[in-house]
Structures are given as structure tokens and as C-alpha cells.
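Take a look at the structure set out below.
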């Protein structure tokens, strides 16, 4: 059983919802990522999504694109991201870590380091799941099986526009949780319509038996609390990155802890 599945089972037993913060690895400073991850856990994060910097992130809005550009300028790529996870695992062996990114860096990693090397290296580093935005579920059965053999999960996005066929395809290969993108468009865009999310989640659950996390557009504790009434997990990314942009090194971790503690308190209320 994966760390992600174990975490969600424990939360369900306790009647609690998962808090999943997202941060782009290597943003805003290259060396701060492991400390930031530990701070997130201290504040009540249940799973951490770590964005892999990429030069052409088609699903990301301006905030996360800018963070990715900064991380790349800081010299951070997939090799360094795995190093951050290894460092995090020296002190924390329980909190799941999901890498979120695109196919290109993964495929380049295997070209440079050897066929299927990325999965082996990610498992060895302590990664628990992958969310590869541009991997189509209908072509991922072998890859998903390869991950499951290493107790890793393959996570997929669903959107307001997702068809029944898409949901069924995702249900066949996904494990850990699915990530419902609550807005049309890119990350960080628009205002969240909680009623629309409430209407969509039962449709998803007709086809998907694993937990459903909701993200894109969750910017404060009140919205997170409203979404948590219908979702199994709340994902917050762009708001954290906006908050940290331009802040000095010494404020990065305390600001993140303070913000996430407020969200955690709202989820547990």
C-alpha cells in the first residue's frame, strides 16, 4: 500500500480532510525547498505536491509559470528535485510527496540516465506519486503498473469539461487520488464556484472510487473549508506562490506555516 493510500485511509478514519499544498521546487530560492516542505508538514499538510520546473508549462497560469522560470534560473531541474525529496526524507518518512509536472523532463531524464531510470530514482528518493499533466490515461496502463510495483501512485486531472469516457479512462489507471481542476483554464485563474464543484463531484464519484482532491482557485481558508465539505482533499498552490514572491529568505517558511495553519484550522473546524 502506498503512503498516499495509507494517509487518506487514516484521515477518513479520523473524519478529516487532506490539506495538499503545492510549491514549485526551487522557488523562490534554490536551497529552501526541503525546509519549506518541513514547514508545510508542521502547519498541518497531509500530502505535498512539488512542482517540477519546466520551460513550457501549458496548464499553469502566470503565477506558477513565473515560479518555474525563477526555479530554472536558480539551476533547478528534475535531478535537483529528487535531491530535495531525498533530503526531506532524512527527517520525514511519513508525509507523501507527489511530483507534478510534464512529460518532457521525465523523458529527457530517461534519455540521459537510462531507460525507466526515472521511476527507479524517484522511488529511491522517496517520491510517492506522479502527476504528469500531459500523460493521457488511455496510454498509461503499463506506466501505472510500473509505479504501483514500487508503491507509487499515478495521479490524473479531471476538469469541468471531462467526459464520462475520460472519467472511466482515469478510473482504470489512477491510484492514490484524482485531482479535480475546479476551473476551466489554467492554474490560479478566476473565482471558484463552490456550487459547481458540489454538483460535479457526485458525477466523478460514479466512476472513480479513490479520493478526490479539488484545486485551482482555492485562495483562502473559507473557500478551502467550503470545498472540504464535498471533497476528500483541498489543493492550494498559486496563492502560496503569490504570497512568497518577492519575500526575503527568512520570511518564506514562517509565512507559509502561518497561512497553512489558518487553512488547517478551517478544515478541522
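Residue numbers in this text run from 1 along the chain shown.
Glycine residues also receive a Cβ, built from the backbone N, Cα and C atoms like all the rest.
Annotated features in Swiss-Prot:
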ACT_SITE  49  active site, proton acceptor
ACT_SITE  60  active site, proton acceptor
If I restrict to non-local contacts, at least six residues apart, and a C-beta distance under 8 angstroms, what lies near residue 49 (active site, proton acceptor) in its own chain? 20, 21, 22, 23, 98, 99, 100, 131, 235, 237
Around residue 60 (active site, proton acceptor), how many other CB atoms lie within 10 A of its CB? 24
